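Single-structure report; data block below.
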Amino acid sequence: CLPPESKKSLAGIYSLREEIRTEQRNPQILFYMFFSSSDMNFPCEVDLEEQCPVCGDKVSGYHYGILTCESCKGFFKRTVQNNKTYVCVENQQCKIDTSKRKRCPFCRFQKCLNVGMRLEAVRADRMRGGRNKFGPMYKHDRALKQQKKALIQARRLRIESNQKDVTFTSNIHSIAILHNTKLNPNQLPSQPCNSPAVLQHQITSPTNWAMKLENCSNSVELAALAEAIIGPHHTSSRSISTQSPRIPQLEIEFLHCDPHDLQLQKNIFSCLQQEQACRHREPSTFSSVYVMADQLLCSIVEWARTSIFFKELKVSDQMKLLHSCWSELLVLEIISRQVLYGTDGGLLLISGQQGELSYVASHAGPTLVSLNQRGTELVEKFRMLKVDHQEFACIRFLILFAPDVKELEEHRFVESVQQQVEGALLKYTLASSSQSCNRFTCLQLYLSELHSLSILAEDYLYYKHLSGEVPCNNLLNEMLHAKCCWT
DNA sequence: GGTCAAGGCCAT
DNA sequence: ATGGCCTTGACC
């Protein structure tokens with residue numbers, strides 16, 4: 001009795017096609033359009049200790065558009081106010097740090113401009129005190145930094161939660177409420193300035209966007225650039241259109257990688273027919289659900305194998321990652337379907353059929369009832385947050401690229417992809433959410449809940465697997481069978 | 001009234 | 001000329 005698809009084991013799926021290995025990989029490239037490297041990498045809290053982007057000295061606050069030290073603030077002010085002209089005696093590429101910053105004012109001023117200090121923030125009338133038009137920009141930047149801190153906090157919580165394997169109780173109200181002010185490039189003053197030092201900058205500095213982005217070392221400047229390129233964000237709409245210019249390129253790639261539902265449903269019906277033909281009777285409700293889960297799992301593996309970044313990994317690493325996260329991806333797929341397409345009180349099956357949650361609650365055993373209840377609660381949380389298609393696409397990748405999986409050969413690559421996906425998601429939530437400013441943190445917390453739910457689901461299926469109450473010859477069985485070997 | 005990013009002052 | 005500290009004043 002063979003199922004319609006012959007690729008019923010993970011090894012089988014991998015042996016079906018010849019692996020095309022691409023040695024040239026550069027996941028960073030997609031991000032250069034919207035993110036600077038400093039905006040993307042936040043491996044530890046030390047990175048948040050601010051250093052002056054010009055000389056590396058201790059930052060004393062926002063000055064002329066960015067966070068700088070007191071001395072560079074004074075230097076920039078004197079240069080602009082007094083129309084200074086400097087000459088570099090070297091090749092205009094002097095290194096500027098705390099010890100050398102006095103040596104070449106030409107290169108120091110160049111660096112000031114390159115990192116984003118604004119000429120127009122120096123007042124022509126020399127009026128003291130008050131506030132300038134950069135206020136919202138500073139606020140925006142602070143919100144971004146707060147989000148980064150929250151991200152680190154959430155990541156730590158998630159790691160702790162995963163290690164202890166305890167049920168996660170979220171307390172999202174304890175996370176600082178963040179401001180999310182919008183930056184309008186039209187509000188930025190852009191007076192022409194004819195100071196010699198400024199003209200010298202205009203002549204010598206790179207003007208194309210790519211170079212400007214590479215030079216961009218602070219998020220205020222980056223936000224201004226990004227908005228100048230893609231236009232101000234529309235906070236009210238959360239459309240799915242992949243044409244929308246505000247969706248970072250990488251997320252468009254993710255959306256294109258979605259599993260194909262129609263093929264999946266076709267496979268499910270074929271499997272159910274086979275099951276019926278083999279056993280000469282209609283499959284039980286549990287068997288049907290098991291077949292659906294198995295086929296969904298096949299489609300998830302197929303999706304992963306052909307996905308951006310994942311297909312670049314060595315096959316051994318791909319298998320390790322899939323063995324580690326299959327149940328989480330499975331639960332995520334079921335939950336995201338309920339959030340995006342389901343109805344209250346309903347259970348949207350993978351086959352496209354609609355069930356009732358109350359039926360499950362009244363006919364299932366205690367474990368399944370508990371699973372059902374926790375799953376429903378999580379669906380409700382995602383719905384409250386109005387999590388959209390793009391965000392689920394990112395979450396799928398976050399789960400798949402888990403650098404904490406043991407003995408990964410390409411651990412650093414996996415870690416780098418996860419960090420970049422986190423960055424993309426953070427940027428998206430920050431740009432598209434007007435009310436829930438700690439949206440990203442919420443998503444991280446829900447991810448922990450998803451993880452603990454998947455462990456429960458896996459244990460339940462494992463129990464069923466051991467008791468032999470499940471259809472044979474399928475990928476789900478293989479995953480459950482391998483459970484003890486891989487974990 | 002507190003905050004904080006402007007400009008100002010002045011010892012080095 | 002530099003840079004640490006002080007004063008100012010719009011905005012919250």
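Glycine is treated like the rest: Cβ placed from N, Cα and C.
As recorded in TrEMBL, the features of this protein are as follows:
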type	residues	note
DOMAIN	A:49-124	domain 'Nuclear receptor'
DOMAIN	A:253-483	domain 'NR LBD'
BINDING	A:Gly365, A:Pro366, A:Thr367, A:Leu368, A:Tyr460, A:Lys464	phospholipid derivative binding site
Nonlocal residues around A:Lys464 (phospholipid derivative binding site), in sequence order (Cβ under 8 Å, 6 or more apart):
A:Phe286, A:Tyr290, A:Val470
On the 0 to 100 pLDDT scale, where does the domain 'Nuclear receptor' (A:49-124) sit on average?
92
If I restrict to non-local contacts, at least six residues apart, and a C-beta distance under 8 angstroms, what lies near A:Leu368 (phospholipid derivative binding site) in its own chain?
A:Val360, A:Tyr460
Listed phospholipid derivative-binding residues A:Gly365, A:Pro366, A:Thr367, A:Leu368, A:Tyr460, A:Lys464 - what's their greatest C-alpha to C-alpha distance in Å?
14
Same chain, not part of A:Gly365, A:Pro366, A:Thr367, A:Leu368, A:Tyr460, A:Lys464: whose C-beta falls within 8 angstroms of the C-beta centre of the phospholipid derivative site? Give them in sequence order.
A:Ala364, A:Val369, A:Ser370, A:Leu371, A:Tyr463
Which residues in the same chain, at least 6 apart in sequence, have a Cβ under 8 Å from the Cβ of A:Pro366 (phospholipid derivative binding site)?
none
